[in-house]
Each structure stands twice: as structure tokens, then as C-alpha cells.
Amino acid sequence: AGRSREHSRPTPSQSRFQVDLVSEAAGDGGTAVASDSPPEYAAVPPFDGLRDSEEAKGRFRVVNFAASSPDAAPAEIAQNGDTVMSESSQQHHHYDTHTNTYYLRTFGHNTIDAVPNIDFYRQTAAPLGEKLIRPTLSELHDELDKEPFEDGFANGEELTPAEEAAAKEASESKGVVKFGWIKGVLVRCMLNIWGVMLFIRMTWIVGQAGIAYSCIIVIMATVVTTITGCSTSAIATNGFVRGGGAYYLISRSLGPEFGGSIGLIFAFANAVAVAMYVVGFAETVVELLNSSGALMFDVTNDIRIVGTITVILLLGISVAGMEWEAKAQIFLLVILISAIFNYFIGTFIRVESKEKFGFFSYDVGILAENFGPDFRGETFFSVFSIFFPAATGILAGANISGDLADPQMAIPKGTLLAILITGLVYMGVAISAGASIVRDATGIESNMTINGSNCTDAACKFGYDFTSCRPAAGGGKTACEFGLHNDFQVMSVVSGFGPLITAGVFSATLSSALASLVSAPKVFQALCKDNIYPGIAVFGKGYGKNNEPLRGYLLTFGIALAFIVIAELNVIAPIISNFFLASYALINFSVFHASLANSPGWRPSFKYYNMWVSLAGAILCCVVMFIINWWAALLTNVIVLSLYIYVSYKKPDVNWGSSTQALTYHQALTHSLQLCGVADHIKTYRPQCLVMTGAPNSRPALLHLVHAFTKNVGLMVCGHVRISSRRPNFKELNSDMVRYQRWLLHNNSKAFYTPVVAEDLRQGTQYLLQAAGLGRLRPNTLVLGFKNDWHIGDIKDVETYINLMHDAFDFQYGVVILRLREGLDISHIQGQAFASTPVKDVVVSIDMSKDSDADSSKPSSKATSVQNSPAVQKDSNHICTENLIWTDSLNKVGLTLLIPYLIANKKKWKDCKIRVFIGGKINRIDHDRRAMATLLSKFRIDFSDITVLGDINTKPKSEGLTEFAQMIEPYKLREDDMEQEAAEKLKSEEPWRITDNELELYKAKSNRQIRLNELLKEHSSTANLIVMSMPLARKGAVSSALYMAWLDTLSKDLPPILLVRGNHQSVLTFYS
């Protein structure tokens, strides 16, 4: 235990900024330099995992570090002393400057800064190497006051549960079977594309469409698949691809909504495709049994029996592991290629016994006769719809992306080469069949031509007259059973060895079934791991070193078996084809969408794609869907849309950096800039509020009130001034910004959280008033909570509070103040069910607007009260009423009218009725009522009643006057009791004090606030909310204490009240 390194270990500070050169043999703690080390680098002890983990902490944090094996192969040494890490070696050389996380001389001197290293950029501990955490900016930049990484992971890079699972999976992945581009992609795609269609339908297509149209059909299908292949390649080369195939590509590009919907139907389509291919194989087997008279029961039940046995055998191959499955695919490919070559060789060998079946080898006359179409009960598009499913299967390689050694290289190369080879073979079969086989043949040798007969067909010169096989002019079926039109098995006739074609049919069906049987569980496993749909995670569990989804295999087996037993595949087949096409369409659209978003993160290494070509490919896929089967296309679209809506509603908590996010940002930026180029207009006015909530969850009443009228209407910014005279903790500030913004989103509050650090509240509010918002998306109203404790707290806080309003008016903001009897700040009772109190329930549901365009500096007021809010009437049917009171000129009403209108537009306030109270003279009551009714009707604002208060100018009651005098008594200057010089000095030191002259000058305005409070109590004491215009105080003329007394007197002992003063810009117009 007494190792020498214990004596020579550097101190924590040394571990960051000073490195002592240490030798294993230096018992006295001295330094030594190894003779074999490069000149610039000191020899240090080998890094041996856990033993040096404490030292490592001083430099970098290693996630899932695997200790190097004693017998590991030595790493290659570059000339500059750096280690070249191989995939198979985790050995750290003693002077490896990239991976040794303690001793580092990157720039020729000791530093914790590091050159770029791929291990810094890994999401998790991948098989290719360990994840290292690079030094944070704060570690390099901040003062030396703490140890590196003392707060845990650098940059907050804690692993999510999904990443931890992936890291665990990666760390256990030694010995995993990985495929290259040939065995993993090319072979699978070719086997899947070369389906049974190649052998039993291609010749029929040539008979119907002719050589020219058949080639066009093949080219059209190849164009669609090639575009999709290019799009797949682009997505696959834009970063590391995990398992999941089409689902992974689409979900990481377009997001979980599209990915989740496609992933489910794509996995289901592959599962049902297993049944289709197996039934195709079983039908061929049963035909052979039937021809030899060896049927077990009847044809249908024999198909079910053979199909069941076949799918069980395929399941066994799949469960045995990907390596066995790959070997089986290679074997099937050899048979398939042999069958294809067998056919082509047979076309060159003219056999007299085959001529009666319509085969005469290559002949110009036959080619000319078959060059044009001869549709019999079909059309070009119906023939195309029959062929196109044969061209699908291009995602067979991508579907096992997790089992590929290098998906970024394998998927593009293997997929595109498979499309090219299979396309050429399809065209070769079409041309060769059309040039060597006639459309109709009797199969009877007695059909020899007679000299002098009127035989004009291509077969006539070979001595055969098949004119009797032509259908009547009105259509109908021919009596002949051979030729391109009539014999699906004509390729067996042409081939050099007929049974090999049958083996090719078996190979094509079984290989496609096997590929689908592997693809479906792999895709479904990736879908389960992402936890997008509830209840399916059980199928995502992997087993063995290859993480095989055995439960997914069993589920796929069950689905396939069910459809084999049902045997209604003629109905299911077009739906499956449409499911595949929907996947292709979305892959193409993903590339277009990502290119359109113009995100810097979209930089695929595969360059042979074009966003508009990809869009055309997506449209073509949709068109082909409807060509194949219109009702299946509609059904597919309905299913995809339904799943999309479901996933959108569930909002899975994932963030994959999709192109949807990138395009959203791009559009937001573009539209924000466009808004800046258009001047404000009165008709487009929107309430945009800077709400001084502090921490948003500390004043929920204020937050919900403003949110109620800005939701889907205007901007809301939650301002938070963090008062600090010391150096601010920006890390904590950024952390809170993320946390509170998430809180707002979680509570469905459409608002932004914006904190600032300042020395006092006023300075911080000034920062927000000047800098909050972006372009036209800037607040125009400051919303505050009322300072209920102003008369018992520090009077300097009142001075600051009043100055906030003056600053807002200076910046052309409106001001809104909310007052509750109980106060607004509930931060001292966080964690309790604060929303259970009735008043706060009311406020949560209030729908209010922001700044008031209340005009005038005259002694004026406006008020609105809302009675029986929807929050109160949850279990009752009370009538909701809003009361509007104002006393100033009827020509300027602004937001005082707009507020009730916004409230009435809300769903919860649909039963509200607006009652209007206006102050007026006793002899002009009728006139004022008619004038207000006219104004409201021109503004198109509904109301139920207008009341003119003729006693608004009556002198307040003596109790109110006495109470007001007692309220302001502590804040009087009392200049009569001191000398003038002393009074002026005190006033300059304490500007909030009220002078006798000021009190006398504004006596009428003070009395107006007292009288208005009496009227509010008389008419709106039962209201749930009152909205009232806020009295305006001239800056520098009215002291803070007197202004605060006005606000307190006006709003005391009332239900929740909103004091509003706008910036006196018009917000209403009756012009169109």
C-alpha cells in the first residue's frame, strides 16, 4: 500500500495548473524522465483506471471508463507522441496527450485546456471509445476558488436515463456481430427487391404493356426508389445512426410525431409482409403438391399448414441470431442469382420442344411485335400498380442500422447499388422476355401454319399460327394457356433448368419473409425504447450480446401467423404497399424539410441529393399510393394522421434536434424581421406585458391574471430582478432560467422568463424596460403587484416602487397594478396548496387585458368589476357581470373598454354581461348615457346596461377623510415646525415626504380617490375583479408617499382590483 506515488501525488491545485514529473521508482518523491519518451513529454505512470481516478478528476471526468487490460495490444505511437487509438484497444500510453486525463502538455506547457478530441463529442460511452468531458469555460476562465468538476458533470452533461441505457448497452457490446455494406445492406436490399414478382409477374407485365411501357414502368419505379434511396443516404450520413431503420431516420429528422406514427405502421407493415411472402411461398409449394396429387386436405388449408410450418422455421433462424440469419440470406441469394442466370442463359438456347409454348429465342420480329402495348382488361397505371410493390424493399438494410459496422457508409453504398442492380435486372428480364416469347401460344404442335394461310404474326415464320388465341374484339379471355399473356410460369419454360426457377421463387419469397421478420422487431424495438406509446415498452427488451428483441420476434410471429390463417391477403396487400410508400414519402420529405430549415446541424456527408428532388419524390410516393389503391391510400393517410395527432397530444419528453425545431426557429426569425419592417397600426394592437413576477411560481395570481388576457393574443414576459451587489452567479442564473421556463411550459403558461442581475430593483427594472423583447415583440405595459406593506416597511422601498412607474411612463409603457387583500407573494408558503383559497381560484381564471389607454391627468378614474367569475360558478349558474366606471371625457376610453372585450371573448366568460358606470352631471344623465351607448356600438363592444352616476363629485364622508389624514400623517414634512433651511434640507434628503403646500394643492384629487372608493364599495363590493384607471401623478410634483396613499385609498377593502394606466396611444378604432 505504501506506493511511492502516494508521496508524490500533486495537490489539488497542482493537479490543475502544475504537474510534477513523477516516476514509479522515485521513492523520495523526486522526478525522473524516462529515456524512451519524446523530448517534450515527461514519462508518467500508466493510467490504470480506478487507481488513478482521483487524479483524473483534476483534469477530466471519464464516463464509463474501462480499465485497460494488462495484455492489451500496445497502441500505435505517432511521431509527435500522440496515441492513435484503435477500436479494439483502450490502452493508454504513458505519454498519450489525448487520453491521459491527468498529465497534459497540449501546447508545450502544463494546462487543462485540450485540443479537439472525438471522445469529447460522444453522446454516451460508445463502443468506439470512451466519453470524456472537456474542461468547461468556467474552469478555464473563473477564479481559482473551487476544484474542477466539483459540481458534477461539466456543462451540466448529466446522462439521461435513455443515454445511460445506451451507455450500458454499448459497454456490454463486446463481441457483437456487425455487418459490412455487402452482407448487411446490399444483399438484404437485393433479396427484398427481387421478390416473387420477378419470376411470375414480370413476363405478364411485358405481355400487357409491351417492352417500351414495361421499361418505362421499371424506370418510373426506379426513379421513386432512387430518390428515396438518396434521401435515406442523406439522413443516414448526417450523424451516427442507431438501430431502428426508417423509424429512427424519420423520428430524428422530423420529430417524434411523424416518427412515432410511421414507426408503428412500418413495423406492422413488415410483420404483415412476412405473412404475404410466406403465403406466396406456400402457394407455390401447394401447386407442386397439387400437380403431383399429394394434397393433405384442400388447397386453402394446405396453404395454412405449409405457411405455419414455414414461418416457425423462419422464426427459429431469426431467433438464433443475426449471424445465422445473414448466412441464410447469403444462401438464398446464391439460389436467386443462379435462377436469374439460368433464365438469361435459357433465352439464348432455342429448343424446338419449347416453341409450341411461345418461346423462339431472340428474334427481331418478336421484339417488334411485343414492343407496343396490348392491354387486355388492364391500363398502364393498373399494370404499374401491380409492379411497383416489387420495387419496394430498399429499406431492408437501413432497418438493421443498429447491426451495421458503419451505417453511414453502408446504407448509401449498399442501398443505391442494390437499386441499380435490381433495376437493370428487371429491365433485362422485360427486354429479353419481350424479344424471345410471343404473347399467345397454344402449346399444341398441330398449330403449324399451312402454306398460303393469312398468318401475319411473328411466330408464323417459325411455322406456328397462334392467331386463334387472340381474344375477340370486344375483349374477353383467350382460350390459350401459354405465352406472355397467359402463362405466369413461362420463365420456367424459357430457363435452361426449369426447377431452378421454382427454387428462385422459393428463395425470393423466403428471403423477403426473413428480411421482414428481422426488420419488424428491430424497428419496433427502437420505437419501444423511445417510450412514445404507453404499454409497449415490454417488447423493447433485448437479449444476448446482439441485444436481440426476442419478444418483438414473438409479436411479429403472432401477427404473421394470424394473417396467414386469415388468408385475406388480397385486401391487405395494397394497404401494406401504401404503408411502405408512406414511409418513403416521409423520408423524402424529411430531407426537404431539413434543407428548408437551413440548420447548421444539417450537413450530410452524402452530397448527391437535392431538396426539391426529395420533395418531388415525396409527392411521387403519394401519387403512387393513390395509383395502387385509392381507398388504401386514404386509409393509410387517416391512420398516419390519427397517430400523429395522438403523439402530438401526448407530447413525449424527447429532444432530438429535429428539423421541425430548426424550421420553427427559422420561421420565427424570418417573421420577426418582417414585423420590424411594418409600422404599428391601431387595428393590429396587441397587449404585450412585462410582468414583474419575480420567480414565476411565487406570484401565481399575477401570472395567471395577465396570462388570461395575453394568451394567444399578445406577449407576456415574466421579469425577475435578482438583487446582488456581489459578483453574480451566472451559472445559477442560467439554471434558473431553464427551470422556470420549463415551469411555465408545464403549467401551460404562454410566457417567457427573463431574469436580470442588478444592485437594486429599480435598476433591474430599467434594464428590463429597455432590453426585454425582440423587435416588434416587445412589451408595452409594465405589470406590478400592489405593495400592500408600504406603510410598515422601509419608506425608501416606496420611493423605488413609485419610481418604477415613472420609469415605465418615461419609456412609453403603460402601467397595470393588481391588488389582492391577501397579497400576491406566496413564496413563503411554497409547497402548500396555495390555490385552494377562493380568491386565488378566482384570479387564476380571470381573463384581463393589459395597459389602459386611460387618458387625462385630471382627477379621473375608470373601473371594471367582474362579478361571479367562472372560477366561482364551476358548480353554479350565476350570471357573470362586469362593471365599468369612469368619470373623465368620453372621447378617450382605450384599453378600459378593450379589457372587458377581451374578457368577454374568453370561453369561461361567455355568459358575462358588461354594465357600464360613468360619472356625469346630474342634469346631463340622459345625454351622457346616449353618448356612451353610441361610442360602445361604434367600437362593436356589447354591453347590458349603462348607469350615469350623478353624485360622483359629492364630498366624501368624514370617516374617509379622517382615515386618509391618519394614513399620511407619518409622512408629512411639517415644514411649519422648523426653519426653512432645515425643511429644505430634510426634503432633499427625504423627497418622499409630503409638504403642506402639496397637500393643499392636490386636496381635490385626494378627495376624489376617497369618494371613488366609497362608490366602488357601494356598486362593486361583491365583484370578483375590478378594473379601474389608475390616477396619474406628475413626476417631481407629487411625493411618493402621497401618490402611494392615493393608490391605497382608492383600492383598499375591495375585491381583487386592477389599476390601469395606458401610454395614451389609441388602441381602439371604429374605422375599417
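Positions of Cβ are set from backbone N, Cα and C atoms, glycine also.
On a predicted model such as this, the values are computed, not experimentally measured, just so you know.
TrEMBL lists 96-147 with the feature domain 'Amino acid permease N-terminal'. Model confidence over the domain 'Amino acid permease N-terminal' (96-147) is summarised by a mean pLDDT of 58.
Among the features that TrEMBL reports, domain 'Amino acid permease/ SLC12A' is placed at 184-690.
The domain 'SLC12A transporter C-terminal' annotation in TrEMBL covers 699-874 (among others).
The domain 'SLC12A transporter C-terminal' feature in TrEMBL is assigned to 894-1072 (among others).
Annotated region 'Disordered' per TrEMBL: 1-50 (among others), in sequence order.
Annotation comment: TrEMBL describes 850-874 (among others) as region 'Disordered'.
Outside the transmembrane segment (185-205) by six or more residues, the chain places 179, 214, 217, 277, 280, 284, 326, 329-330, 332-333, 336, 339-340, 383, 386-387, 389-394, 396-398, 400, 404, 410-411, 413-415, 417-419, 421-422, 425-426, 429-430, 433, 437, 484-485, 487-491, 501, 504-505, 507-509, 511-512, 515-516 with a CB less than 8 A from a CB of the stretch. Here TrEMBL flags 185-205 (among others) as transmembrane segment.
Tertiary neighbourhood of the transmembrane segment (211-241): same-chain residues 126, 205, 248-249, 252-253, 367, 370-373, 380, 383-384, 387-388, 390-392, 394-395, 398, 401, 404, 407-408, 411-412, 415-416, 419, 423, 426-427, 430-431, 434-435, 584, 587-588, 590-591, 594, 601-606, 608-609, 613-614, 616-617, 620-621, 624, selected by CB-CB distance under 8 Å and a gap of 6+ residues from either end. Sequence annotations record features per position, and here TrEMBL assigns transmembrane segment to 211-241 (among others).
Residues or ranges marked as transmembrane segment in TrEMBL: 262-282 (among others).
The transmembrane segment annotation in TrEMBL covers 302-321 (among others).
Distant neighbours of the transmembrane segment (330-349): 183, 187, 190-191, 194, 198-199, 361-362, 425, 428-429, 432-433, 436, 491, 494-497, 500-501, 503-508, 510-511, 514; these residues of the same chain sit at least 6 beyond its ends, with a Cβ under 8 Å from one of its Cβ atoms. Under the heading transmembrane segment, TrEMBL lists 330-349 (among others).
According to TrEMBL, the feature transmembrane segment maps to 380-402 (among others).
According to TrEMBL, the transmembrane segment annotation covers 414-438 (among others).
Here the transmembrane segment (497-520) has long-range neighbours at 188, 191-192, 194-196, 198-200, 245, 267-268, 270-271, 273-274, 277-278, 280-281, 284-285, 288, 310-311, 314-315, 317-318, 322, 325, 328-329, 332-333, 335-336, 338-340, 342-343, 346, 393, 395-396, 399-400, 489, 491, 552-553, 556-557, 559-560, meaning same-chain residues at least 6 beyond its ends whose C-beta is under 8 angstroms from one of its own. Among the features that TrEMBL reports, transmembrane segment is placed at 497-520 (among others).
According to TrEMBL, the feature transmembrane segment maps to 553-573 (among others). If you look at the transmembrane segment (553-573), the same-chain residues 6 or more away from its ends with a CB under 8 A from one of its CBs are 268, 270-272, 274-276, 278-279, 282, 300, 303-304, 307-308, 311-312, 315, 318-319, 389, 517, 520-521, 524, 539.
Residues annotated as transmembrane segment in TrEMBL: 579-597 (among others).
Outside the transmembrane segment (579-597), and at least 6 residues removed from its termini, the chain residues within Cβ reach (under 8 Å) are 224-225, 227-228, 231-232, 234-235, 238, 246, 249-250, 253-254, 258, 262, 265-266, 268-269, 389, 392, 394-395, 609, 611-612, 614-615, 617-618, 621-622, 624-625, 628, 636-637, 640, 659-660, 662-663, 665-666.
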